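Working notes, beginning with the structure itself.
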Amino acid sequence: MSDYKDTLNLPETGFPMRGNLANREPEMLKRWYKEDLYGEIRKAKKGKKSFVLHDGPPYANGDIHIGHALNKILKDIIIKSKTLSGFDAPYIPGWDCHGLPIELMVEKKKGKPGQKISAAEFREECRKYAAGQVEGQKESFKRLGIMGEWDKPYRTMDFGTEANIIRSLGKIADKGHLLKGFKPVHWCTDCGSALAEAEVEYKDKVSPSIDVKFTAADEAALLEKFTLAEGHAGQGEISIVIWTTTPWTLPANRAVCLRDDLEYVLIQVEANGDQPAQRIVVASELAKDVMDRAGIEHFHNLGFATGADLELSQFNHPFYNFTVPAVLGDHVTTDSGTGVVHTAPGHGQEDFVVGKKYNLEIANPVGSNGVYLPDTELFAGQHVFKANDSVLEVLKEKGALLHHHAYEHSYPHCWRHKTPIIFRATPQWFISMDQAGLRAKALESTKSVEWMPEWGQSRIEGMIEGRPEWCISRQRTWGVPIALFVHKETSELHPDSPALIEKVAKLVEEKGIQAWWDVDAAELMGAEDADKYEKVLDTLDVWFDSGVTHFSVVDSREEYNFPNEERTHSADLYLEGSDQHRGWFQSSLISSIAMKDEAPYKQVLTHGFVVDGNGRKMSKSIGNVVAPKDVTNKLGADILRLWVASTDYTNEVAVSDEILKRSADAYRRIRNTARFFLANLNGFNPETDLVPAEEMVALDRWAVGRAQAAQEEIVKAYGEYNTHGVTQRLMQFCSIEMGSFYLDVIKDRQYTAKQGSHAQRSCQTALYYIVEALVRWMAPIMSFTADEIWNEMPGERDTFVFTGEWFEGLFGLADDEELSNEFWTEIQSVRGAVNKLLEDARKEKTIGGALQAEVTLYADDALAAKINKLEDELRFVLITSAAVVKPLSDKSDTAQATDVEGLYVEVAATEAEKCDRCWHHTPDVGTIEGHEKICGRCVSNIDGEGEVRKFA
């Protein structure tokens, strides 16, 4: 026989080397949906212990971006890993569908409600627009391989969800947490509406920084409050000086605020040219700063008083004809300014609190469009930000401006319009943080939640401690109505509000939110009451919509009804970006405590923001945006999924073409490992060909044991949501334990052993067990590729890998086995040392390849005893044609030291002939008649009983 190719067990598989994912994945998706993969998973897991990851809803506007992809892929990985861990883990994706961005898009096309289009028609157009946006985003998410209830997602605009949002409001009101108040709220003049805390972002803004004088209304009374040296009361007008960066709020000033324990100084300012002498009052600590910036060089102190001493002293408003009192507040600091705070209760939270304490007027001279109202003296009709200059002019005319300069500082802006906002007192509905102890309960509840990373707890606690009342009302058209009736004269809620809310909710369940605006009050409460009560026409903050989904979705959907369990929380896990401590995590927690006295989640996991390779934010202007669609079209979704899983997502997550290329390289290594397994299982039938564990070749049992060890670590990492740890362990297993050692060693046996022999079947048994485990490890991350592998694997199996659980057929070497794990670790060290010297010999042209080498290992007694356990099979482990072990004392002059203690190695070129079939060089090549070009081992593997392997 001259051609022995047909006698080899050559690898063969339909699993291609190239993934070609961009083209192949869409075909797999079609099959998943045609065969109802998600439904099959649900059937397989019915009755198992539940796990609920509740989806924070993205906003239904625009294409998905890379941050959306990161978030949804992480969720999908967790859901799939929980499923493989034996949990029933349904996933209902959601969308946030009400609110201003959608209104603005519809306004562009249809005009403002009440002008070119009725409010009812406008709402319907908003509903249509949001539905279209949901469909577009849904297809993008499905393309990423994310499994869920895509045919029945939750949308906050679904009639049933809208009804449950209204019911949530009713529950919160019933528990005593609802409050109506005239309070300053974040107000966007472009939106014409109040903003939630989470809708405010801070950016640098240049404002006028001014020091303003309020003259004393009664100088003699004021002087009595200072400790003055006798006869040294000074001369000139007396003023107290405030500092502000919002001159436009001065028309609403109703007090100057001091701190009770601060020391204030009365300063004599000398006359200077045409400037007469004057006396001013500021905090002692800041006096020098004030004098320096005002350019005042000649001054001295006259006397001192505490803030408490000066309480209720009267001062003249700088340009209106009334006086304002000095009041006390804890918010006054000496970080900057004058130690005296301009107080406009209608334009600031702290000012409002102080104003209530001192019964000050809550003046609000500014309209919803940011323009002073017609009766505003001096400034009527001016926009507040343009009025700053006018206010400065008036202050100069009145001699009240001590100093001004341009000042850059962090200032609140509308997250949508990116424009500066104002604080403006308006009648609004609030969830009170304190009137029924909500703040304290919310803070207490954070202790029962597992926050990942741990700093999430202190972050959200700080935010809850410092947050104002939650303003839940909006003056918008497209939103869930605040479905309440209030008395026309007293503004009190209707005494039968709970029953009325349920009636409205039932109407909304049937007809949507338009039912609220259409219904006649008399239909709900009778004509007599209808004359006394009126509808609230405000809509709910969209953060309320999404915040109550623990009730409106999780507690309400049939998919989350687990009849055999008593669940203590609505959800097991919330997973969103770290910005949601001030957004969805907080709105969910507050509403859940208000409604149910418990947190809505057991665990909260956060991920960082996506940045480019240089750590910069994604920006169209910079040109560094990575769009998910571009990645899936070019590389495939599994590459994107592997990138997500490989990152330490608790910090900022970097992405770029170069980073994705590295993910693609890692993917190829994993794919090639899987392909080796599949190709070498060619002709293997697990029903008939499995070798019992105790009869397997030692190295094969070691390999299965390495898979068992890897699986323990991988499953643990999945359970801890440590996807980074999963991918690292997966790569280590594929590249190091398998690729660099086991798969390299077994090639000779797998390819050349007698077909169907124990030597071959033992190896295939190991490969089979390992790939059964490997495909499951991959499935949550590289879902498409795992499905592809699954369909190429031998043996009867379920249609999909995703309906099963972690492979339980793995086993390892016993600790007391002669060829234990420790033994194989040492052998790998020996092999590594030999390989280094073989590589040197190759470079020096002593040999061509390793099979052209014969190696002699000179080892100390202990090491030699271990190596000799492999007997003649040592050469197969070293992949050399011959390998002998000799005592260290016999080492030749040409033997070289190695990194392994007690080991020297001599490499020599073999003089034996090369076997045409196995490529080993052995003395018996050509000695057997009829097989002149192959070795005796190969002859036995072709015509005889086949070689016997015990160790490798």
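Each residue, glycine too, has its Cβ placed from N, Cα and C.
Checking the ranges 22-26, 617-621, 722-726, 942-946 against Swiss-Prot, the motif ''KMSKS' region' annotation falls on 617-621. Matching 58-68, 113-123, 443-453, 553-563 against Swiss-Prot, the residues noted as motif ''HIGH' region' span 58-68.
On a Cα basis, LYS620 (ATP binding site) lies 58 Å away from CYS918 (Zn(2+) binding site).
The Cβ of CYS915 (Zn(2+) binding site) lies under 8 Å from the Cβ of HIS921, THR922, VAL925, LYS933, ILE934, CYS935, ARG937, CYS938, each of these being in the same chain and 6 or more residues away along the sequence. Its own atom aside, the Cβ of CYS935 (Zn(2+) binding site) has 28 Cβ atoms within 10 angstroms in the protein chains shown. In this structure, the CA atom of LYS620 (ATP binding site) is 23 Å away from the CA atom of GLU576 (L-isoleucyl-5'-AMP binding site). Excluding CYS915, CYS918, CYS935, CYS938, which define the Zn(2+) site, the same chain contributes THR752, ASP916, ARG917, TRP919, HIS920, THR922, VAL925, ILE934, GLY936, ARG937, VAL939 within 8 Å (Cβ to the Cβ centroid), listed in sequence order. Neighbour list (GLU576 (L-isoleucyl-5'-AMP binding site), Cβ cut-off 8 Å, at least 6 residues apart, same chain): GLY56, ASN71, GLY583, TRP584, PHE585, THR606, HIS607.
Candidate binding-site residues: LYS620, CYS918, CYS938. Fewest other C-beta atoms within 10 angstroms, LYS620. Applying DSSP to the motif ''KMSKS' region' (617-621) sorts its residues as follows: 0 helix, 1 strand, 4 coil. In the three-state DSSP scheme, GLU576 (L-isoleucyl-5'-AMP binding site) is classed as strand.
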